[in-house]
Protein chains: 2
Amino acid sequence: MKSDLIKQQAHLAIQKRLDYTFRRPELLRQALTHRSFSAAHNERFEFIGDAILNYTVAKMLYDTFPKLTEGELSRLRANLVNEGVLAEIALEINVGDGLYLGSGELKSGGFRRPSILADAMEAMFAAVSFDADFFEAEKVVRRLFAERVKQVDFKNQGKDNKTTLQEALQARRLALPKYRIEDQICCNGEIQFVISCDLGELGFVCQAQGSSRKAAEQETAAEALAWLEKKFPLKKSRK
Amino acid sequence: MKSDLIKQQAHLAIQKRLDYTFRRPELLRQALTHRSFSAAHNERFEFIGDAILNYTVAKMLYDTFPKLTEGELSRLRANLVNEGVLAEIALEINVGDGLYLGSGELKSGGFRRPSILADAMEAMFAAVSFDADFFEAEKVVRRLFAERVKQVDFKNQGKDNKTTLQEALQARRLALPKYRIEDQICCNGEIQFVISCDLGELGFVCQAQGSSRKAAEQETAAEALAWLEKKFPLKKSRK
């Protein structure tokens, strides 16, 4: 069939862009199959691909930014690993052309829907790991994210976390956070502040400890921001 | 110093239980160092260890349960990868004995605090990956979780997801979810229901699509449950 040939060409082009050639092309095919098309769809792949992606970008950031705290690394990762960025990469490497969608999704433009594209990207990372191993999948992710990790949003690195969190909440028309001193404890003869950051109706609360109230507040703000950007990305949310 | 010797013995015992011997024992030492003890603490390690753990348990579940959906796998993982289970494992392998804690944390019993133990476990997974590679860390996680994956909570597998979600919300004194039909679409000549599950003030909403309303509701319930158990574990929440 003509459409089969077109798909096969799209799959060849995608493999070229991934710089990875499948020994078992049926794995790539399943990674590109939306649940609306057939029962052998990509949702279970996505579960694995998401974990490969999260580890790989975590390790890239860890190695690139040796001075950042865990909270700051989490935030950078949330900026890099989200539907918006994945859909962007999917468009760059023409993943849409290789997708298998049910007729409903086809008619409604599913081949350029960010959630469908992002899920297919994650599923492809899993497919590479099944076809070869974890390291090959890691390499594919590294190639696709190398430039993005280098150019990761340093604008906000200069800005303090509390300001960035406040702006992020305002952009989503959400209430401002409440910071509270939960405890003051003595560690090695030094006072430590235990601060909580409460996002109110969103139901998110986190705590951090620091030698100054301000430092601990900044840390809670970084964690709250990472959570907010993951759960409520400004682009249309996943699922 | 006597206390140094005791720590070294504890570290030897921990390595035996992990079935992994460090070439660079300073990495194990840092993995076991709480931020209250020194600046070379384990928080950045934790960022990497968490990702190694999530991938490894995801893959174990993926391979063990070929018929489960992504939502069901996520839920099982949330049952296995949480502070409670990590602290339990830490107690089994006597991680507390090897911890470096500031005097404040020492006095307040930090060596058996679940959050500190769980963080140290994750940090150790990272330390193994730095000392050797990702695969060695994966092996350590697999050994520690092998029995738990086999015995993963099948009680709730028999129960439907909506009932389990309802019980989980009630146990946390939270409002019951609202299910809505968002859309009915035609896929390959078959009606598909798009259902949303809304956890109200928690700010979580997810959608699923299925050939019956009930099936799609069950799927949203599984996803909501995974989120709930991760964000609001019944044991004292992390951080």
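Every residue gets a Cβ built from N, Cα and C, even glycine.
A quick note: this is a predicted structure, and the numbers were derived from the prediction, not measured.
As written in TrEMBL, here are the features:
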DOMAIN    B:11-133  domain 'RNase III'
BINDING   B:E46, B:D119, B:E122  Mg(2+) binding site
ACT_SITE  B:D50  active site
ACT_SITE  B:E122  active site
DOMAIN    B:160-230  domain 'DRBM'
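With a threshold of 8 Å between Cβ atoms, the binding-site residues B:E46, B:D119, B:E122 that neighbour chain A are B:E46. B:E122 (Mg(2+) binding site) sits 5 Å from B:D50 (active site), counting Cα to Cα. Rounded to a whole number, the C-alpha distance linking B:D119 (Mg(2+) binding site) with B:D50 (active site) is 9 angstrom. For the domain 'RNase III' (B:11-133), the model's pLDDT averages out at 95. For the Mg(2+) site, the Cβ centre of B:E46, B:D119, B:E122 serves as reference, and the other residues of the chain with Cβ at most 8 Å from it are B:N42, B:E43, B:F45, B:F47, B:G49, B:D50, B:A118, B:A120, B:M121, B:A123, B:A126. Cβ neighbours of B:D50 (active site) (same chain, under 8 Å, six or more residues apart in sequence): B:E122. Applying an 8 A CB threshold to same-chain residues 6+ apart, the list for B:E46 (Mg(2+) binding site) reads B:D119, B:E122, B:A123, B:A126. A helical conformation is recorded for B:D50 (active site) in the three-state DSSP classification. Other Cβ atoms within 10 Å of the Cβ of B:D119 (Mg(2+) binding site) number 28 in total over all chains.
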